[in-house]
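Before any comments, here is the structure.
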Amino acid sequence: LGRAVNLPSLTVMWTPPLETNGIIRNYMVRWLEEGKVSQNVIVEHDVTNYTIHDLAPCTSYTVTVKAATSNGFGDESDPKNATTVTAGPPAPSVTCKASTSPQQLTVTWPEVDTNCLLHGYMVNCTGEVLWSATVTEDTAETAISYIDLDGLIPWTNYTVCVAGVVADNTVGEWNCCTSTTHQAVPGEPTNLHQTSASRDSLTVSWDQPKELNGELTAYQLTWIDQVSSLITPNITSYTVFGLHPNSKYNVTLKAGTVAGWGASAQVQVVTTGENVTVGAIVGSVVGGVFGGLLVVAALVALVFYRRKRKEKIKTPEVLRPTPGLPTIATTTTAISIRDVKRNHQHDDDQ
């Protein structure tokens, strides 16, 4: 026995019995829908297939075949079950509605009109992100006639298509609707940094947020005591004037859409004592440090050189010979001399 070929019909095929016990005159094909009276048809002996038409869609049938000789019909074949199907249910009327959430859509449709038992619905969702060159695709299934699509991307144009599914996973005709999710607040700006500075001004630059989540309306730049400035969304650099020399400032920047302001990026910046760029400031600092190191190295080399030179020209100590023995007169001679001097002095007194 075979399966349905033309829907909603069943085509039955068979081979003659192995034991004919005579000449086959014809065959009887019988089919039965559960709960109803069976029907049959008799075909010629040389026919080995038959198509049963006008059957109920999505209905299970039991089919048998038996052969006949001049002595009558023999036993029926083993029964075979087959289910008729249709081309699938018609397309539903689909409606898309944006939720209050920028990440949700609600899609509804009436139940499809089908003679088959409806297994559920197939939902295909394609999103074109309006703030980037991104396309998303997703598929879902539901047993009811609506679906809430969550986790969507803000400010994205979605096309949602729905089709009914019946027996044997036969998918019917599709119908689609479109809707755009609401905008959301953007992410924080990226790469916020100082590019130049002077005594009373400084300049910062940045890149737009990675997650725009909508159409940017402005940037808000804040510095002293909540002093801020609104900047058009096509500008990514700004110079602040009227600052104090040699002072530090905390600069914050946030982006906005119609949904509000997003998260802030922050950077600490500094003014200088003269009109120089940040690169010049860094260069001066590096140059000063390098110059200082050179001076220290030169002083160390000079001290080392002088010490070595002093050691080379130092006069060696002259070793003087020890004195010789003194010449001592004899005691007799010494007394005679004194006596002579005393005698001379005595003569003078006289």
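Cβ coordinates come from backbone N, Cα and C, glycine included.
Quick look at what TrEMBL lists:
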type     : residues : note
DOMAIN   : 1-90     : domain 'Fibronectin type-III'
DOMAIN   : 91-187   : domain 'Fibronectin type-III'
DOMAIN   : 188-275  : domain 'Fibronectin type-III'
REGION   : 72-94    : region 'Disordered'
TRANSMEM : 278-305  : transmembrane segment
Counts of helix, strand and coil residues, the domain 'Fibronectin type-III' (91-187), according to DSSP: 3 helix, 49 strand, 45 coil
Rounded mean pLDDT for the residues that make up the domain 'Fibronectin type-III' (1-90): 87
DSSP residue counts for the domain 'Fibronectin type-III' (1-90), split into helix, strand and coil: 0 helix, 38 strand, 52 coil
